[in-house]
Amino acid sequence: MEGMALYLVAALLIGFPASSFGALYTFITPGVLRTDTEEKILVEAHGDNAPKQLDISVHDFPRKQKILYQTRVDMNPAGGMLVTPTITIPAKDLNKDSRQNQYVVVQVTAPGLRLEKVVLLSYQSGFVFIQTDKGIYTPGSPVRYRVFSMDHNMHRMDKTVIVEFQTPQGIVVSSNPVNPASSLIRPYNLPELVSFGTWKAVAKYENSPEESYTALFDVREYVLPGFEVRVQPSEKFLYIDGNTDFHVSITARYLYGKRVEGVAFVLFGVKIDGNKKSIPESLTRIPIIDGDGEATLERHTLSRRFQRLNDLVGHNLYVSVTVITDSGSDMVVTEQSGIHIVTSPYQISFTKTPKYFKPGMPYELMVYVTNPDGSPAANVPVVSESIHSKGTTLSDGTAKLILNTPLNIQSLSITVKTNHRDLPRERQAMKSMTATAYQTQGGSGNYLHIAITSTEIKPGDNLPVSFNVRGNANSLNQIQYFTYLILTKGKIFKVGRQPRGAGQNLVTMTLPITPDLIPSFRFLAYYQVGNSEIVADSVWVDVKDTCMGTLVVKGASSRDNRIQKPGAAMKIKLEGDPGARVGLVAVDKAVYVLSDEYKISQTKIWDTIEKSDFGCTAGSGQNNLGVFEDAGLALATSTSLNTKQRSDAKCPQPENRRRRRSVVLLDSKASKAAQFPDQALRKCCEDGMHENPMGYSCEKREKYIQEGDACKAAFLECCRYIKGIHDENKREDELFLARSDFEDEFFGEDNIISRSDFPESWLWLTENLNAVPNNEGISSKTVPFYLRDSITTWEVLAVSITPTKGICVAEPYEITVMKDFFIDLRLPYSVVKNEQVEVRAILYNYVDDDIDVRVELLHNPAFCSVATETQRYRTQVTIKALSSWAVPFVIVPLQQGLHDIEVRASVRGQLASDGVKKKLKVVPEGMRKDIVTVIELDPSTKGVGGTQEQLVKANELDGKVPDTEIETKISVQGDRVAQIVENSIDGNKLSHLIITPSGCGEQNMITMTPSVIATYYLDTTGQWETLGVDRRTEAVQQIKKGYAQQLVYKKADHSYAAFVNRDSSSWLTAYVVKVFAMATKVVPDISHEIICGGVKWLILNRQQPDGVFKENAPVIHGEMLGGTKGAEPEVSLTAFILIALLESRSICNEHINILESSINKAADYLLKKYEKLQRPYTTALTAYALAAAGLLNDDRVLMAASTERNRWEEHNAYTYNIEGTSYALLALLKMEKFAEANPVVRWLTDQKYYGGTYGQTQATVVGFQGLAEYEIAMPSHKDLNLDIVIKLPEREVPISYRIDATNALRAQTTETKLNEDFTVSASGDGKATMTILTVYNAQLREDANVCNQFHLEVSVERIDSNLKQAKGAKETLKLKICTRYLGEVDSTMTIIDVSMLTGFLPDAEDLTRLSKGVDRYISKFEIDNNMAQKGAVIIYLDKVSHSEDECLQFRIQKHFEVGFIQPGSVKVYSYYNLDEQCTRFYHPDKGTGLLNKICHGNVCRCAEETCSLLNQQKKIDLQLRIQKACEPNVDYVYKAKLLRIEEKDASDIYVMDVLEVIKGGTDRNPQAKPRQYVSQRKCQEALNLKVNNDYLIWGLSSDLWHKKDEISYLITRNTWIERWPNEDECQDEEFQNLCNDFTQLSNTLTIFGCPN
């Protein structure tokens, strides 16, 4: 910028030749010039009629060594001495690698004339838009996308675009060049192992990657809903001081248009700073009748939950609605949020109003009125005060008020109010602004005012534009014409002149509005007075967002517009501009029920394009130069009028206003017990009369009271008085599945063709409109296709791009597909192998008569169900007219992968039938386990001869589930510290680093710290340019916000506590000092008085004579303390505070005389203790304090406390280890022991979880500080330039990566299914990190539930149905949780996470009593009432006893039926140490209702059939035996001896020795060793097999069980087993015939085989 300043000074010193004297030459160019784009400029001569040839040239800045473009134009009187040449600046000739802003010099020369202007460059050479086929995807699915590209003239542009896909963490995982003209763009396939969240598809031009365009989409596991729920509040806001209740209407419609019958569960709540605070009492059960229902939030319910309602103003009400169909078959959860809690229903803004006015001339005040949710408020009367004017808002929320301004004023104060007749005066919205008078040049008093009175402007309109002038007569007489420019989309679109007749003060012209002016334009005009003065004005004009061209999608005929049948043939017709390229996609509307925010639309396209407008205001300007600057233009004249130099292509953004902080007080009971006069004692009594969920005696409850003896006495008296009273209820509902015992005439199931094609999107086609256009210039094309099988409404979306009219998004065309009778098979997203699950087939009857339906579940060997290979499962139901019925099927998936479930149904006496076949995803059992290996690639220090080679060993996969896949992802990234820093700046990623929510004085410091350290690091290393200089502003604002908020908790003596009314905390005050001292290096306006006041308080109030610091009030949030809590507390606290004093020393030394002596006393105390410390953590912390004080240079004690000289660890304290090791690193850096620091840094970086976050706050903060200080202290890195080669087994070609500065933060990733050794080599300069993530499924062992440091017991029992229960509850259970801490002292700050049973909700009243009474058992609780998935309750405990069980008990209530309830879980864990945790499961009916299956290891076979055998018939003879043994599917016939019977799980294993192979089969050598026959335990009695007996046995090939190298045999109903008498028994007359038959059977089959 210094070079530019010097250049501008030099330019101003250039003299103008005499021949131009007396004329005014004006040169205008866009304020920002785009590369590779034709840009129009203007040169005008006023007062000179001599023809001239003008040379226009563009040069590099500042040296002007290159001519980037040149042209020559003629200026002559015939053209009005005005020319508008175009210039183009080629990007290829510029230094695009420069991190600094780039400029060019645009020069106009002619004999006797030279004008030039330095103009900012932009590499934005066009617009790119990405359309994805959907806005939401599941793992493993393809993301189809197409690219639309056009230049700034809205002309189609088919140059290459780079498309990148980025994970929610910002990691680029794919980057490919794409030709927008191609219709065969390969989709991006999401991996199965994928990050959930919002992904980005980013497009950028290949030759200008600085400008990018983004499409967003979500990735998560989901199932499409069967219907749509809309929630419509009665108002878009809630009056906080109103008296009326708040109503919401609920509408539920199937996606094919029919109305839903069912029930809705509605829960209201308030969202405060992003955190949801539910109102448990508002949970209501609402009937949905004919698709509609209404819920109400009663005013008194809200006020009971939040006592101080005014604290809610500015926050949002939300309502969560769960709708369940009458059949219980389907459920949809939706939430309506953004219902603002307000004191006035409207908000007024002046966003489209100029800030400047012309005294004595009309001032157009554009008032914009919105509802609290930001939507436009139509038909609202508004009125301005001081200068009276009134109007009414239009549909877009705007109203234009014309104010006639007085003469001779410099500012104009304006107040506008709404004037709604139904609102009292105090509820009318009001907004004030001050407009400033336009400053005339040299105080001439000459003005120009452009007036455009029309508001809703659209293409095809003729817009009147008025030019008003005011000034002295001599000046006005010189005006012969107005020169005007029309700017749109950042370009000068048109230049013209409007003549003015003598004496005309008002001149009007008509401007035709063409599609080129969409979405908005600026109209700027000026006139000249003499040869020096320019008088200018401008106005911004909005144009209705429509297509520049035409695109319509409709049915090709009237038949195509009707309701269609699945699979039917139909046609659509496309109508649009000739030559248009049209992209089509059909999307199931159910997708938009889940997510519609990312759908491409015409408005979104224009919103993006409008950002290319380089103008920054709604019009006008501070003075004549300001008019040009604010319109986005650069001006230079021959009389040295020059606009200011622009240095940013973007307009300056207003600072975000800081939201009002609101501390919401939770409700507490204030009812009174009349017999106790004292209010506090009334509370104790009332709490004593509450029912205790745990069933504790009054005497035990009294032990929890901390309020004193008087309270205990009152509590005990009232508790004993009310003892034994319960108030519960229960209401039973049972789901009854009707069955029919008769068979009738049904359409044959074998003739039913099942529907099986259910895509979420399809019709992904690109069509060209090349047909001859009709008389209206429209081309059309008919597209035939066959519909897919879904019963739904398809939304066909068409997007076109034409050669000259840009992009057009057509109105979606809907195709509704349904049948009068059909099946909807509802499947979960996935199920776990070998775990039972219920699926439902919902049968819909949309005819006017009741029907009888036979339903069949088809057999699939991949599932165990009531349908078997030999027996169909059928059931018959009656469905009433215009209703539905759910038929549940219980299955057990036996094989991993995608498997078909098929259900068919036919209507008795009719040809109506339907079948559905869907794929169900079966995932492996066990628990997903991740193994992360991190390897630092640093060839300069770790390599030999400049190359680092490393063997990466295969992981030990402990307890891997057999026959399951392994996923290994290998990713390589540059400099990891930079990655951590970058993620810390990003607000979304910052939230992942911080566990505790912000709010109180402690939480606020947790939130503020990472930004301070990150900003300090980036400032020191000068890396802001690589991350985006604008992000520093974000970080500084974050720090300032944290600083300002922390001052709320500062006491008068400069100490701090979580809340002002709590005792001051030494640790927190020191922490504030530490963080604020660091913040002064990046935010200079932090007051030294604030920091030094805290230091002085610590010295005077908390330091003892021996130098030690004391803590009288520990912090609430113990996780802040990190490792400082625990053993050796005095040393830890003193060292921590000494570090804070040392880091603030440079700020406070001259303000606090006793600071040095305080530091010396504390350091002396630590020196005496240092060599005797036991904990590695305390040793590291103390070492850093002493090294920072300059008293420690010997690292022997520190290194002796380490493990392997690279870490300081303690048992089961992972996060403390990171923190302690980081303190050790800081100590080594202070001692300048860099060689010792290197392995420490490597260990620290290796501990980072995959994705880049540490586990706990202090560990992250200190770890981050250590790594940042290491980067600062170590010598600067060489330029990053690494070549990495990975050699994977079974891949012939090695994988090669090049990492340099351009892609350092891009994760370059490869995947493999193998877990084998591989090698990696790195050469070059710089560092990189290779992360190997191996994911597999580990078996859940019986000891997997072993708990660490906690004992936990969970039980559940049913409550008597005669007792009272919650309204709408079908069943009530009591959940009891008992836990004990297994450490030496009580555990503090413990969390219990309860995962609810599906369909159940916790009783909020019970939980409130546990948290609100004087006998308080829990600190607080949070409820997540998502019944669609498992809800959860989070319970916070201040402590858990180490000497006795702490028990909690509360009710949970079933609100809807679930066919098969999966177990819930309870997890208890320490907030300070996540390794200390325990999990237990609970279930109301454990061990009941399970299908029978036989398992060996993790392989299971279905056994859901009777225990009858094939040979259990009345009469059997030799011929029947031969006939049955020789049936085609019989695999073997043996004579075998039963050796023993083994029991395993629910199966019996009969171990048999094959004595004779009568008919050989699959088992090639069955006599080699005993064979196992497996049967259900329940069949033991029916089989009645005896050890040491011989048997004739045969079975089917389908009953063989292949397990690796051996075969087992299943005993099923198809198995033939007969006892074969021994030799002695065969002599008896009773068995002689049987023995002869067996011998003859054996001889016949052995010698002759089976007959043909």
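The backbone N, Cα and C atoms fix where each Cβ goes, glycine too.
Looking at the candidates Cys685, Cys698, Cys711, Swiss-Prot gives Cys685 as the cysteine bonded to Cys718 by a disulfide. Site annotation for Mg(2+) in Swiss-Prot covers Asp542, Val543, Asp545, and the matching candidate from Pro519, Pro566 is Pro519. Listed in Swiss-Prot as the disulfide partner of Cys651, from the options Cys616, Cys698, is Cys616. When the alpha carbons of Asp542 (Mg(2+) binding site) and Cys1478 (disulfide bond) are compared, the span between them is 62 angstrom.
Each residue contributes its Cα atom, and for Cys711 (disulfide bond) and Cys719 (disulfide bond) these two points are 12 Å apart. The separation of Pro519 (Mg(2+) binding site) from Cys1626 (disulfide bond), Cα to Cα, is 102 Å. Counted with DSSP, the domain 'NTR' (1507-1650) comes out as 42 helix, 55 strand, 47 coil.
For Val543 (Mg(2+) binding site), the nearest of the disulfide-bonded residues Cys651, Cys698, Cys718, Cys1347, Cys1650 in terms of C-alpha separation is Cys651. Residues within less than 8 Å, Cβ to Cβ, of Cys1526 (disulfide bond) and separated from it by at least 6 positions along the same chain comprise Leu1645, Cys1650, Pro1651. Using CA atoms as reference points, the recorded positions Asp545, Cys1347, Cys1447, Cys1579, Cys1635 were checked against Cys685 (disulfide bond), and the closest is Cys1447. A simple way to gauge crowding: the CB of Cys698 (disulfide bond) has 18 other CB atoms within 10 angstroms, across all the protein chains here. Fewest Cβ neighbours within 10 Å among the recorded positions Val543, Cys685, Cys718, Cys1378: that distinction goes to Cys1378. In this structure, the C-alpha atom of Cys1478 (disulfide bond) lies 12 angstrom from that of Cys1378 (disulfide bond). Looking only at Cα atoms, Cys651 (disulfide bond) sits nearest to Cys1347 among the disulfide-bonded residues Cys719, Cys1347, Cys1378, Cys1635. Taken residue by residue with DSSP, Cys711 (disulfide bond) is part of a helix.
Listed in sequence order, Gly688, Met689, Cys698, Arg701, Glu702 are the same-chain residues six or more apart from Cys719 (disulfide bond) with CB atoms under 8 A from its CB.
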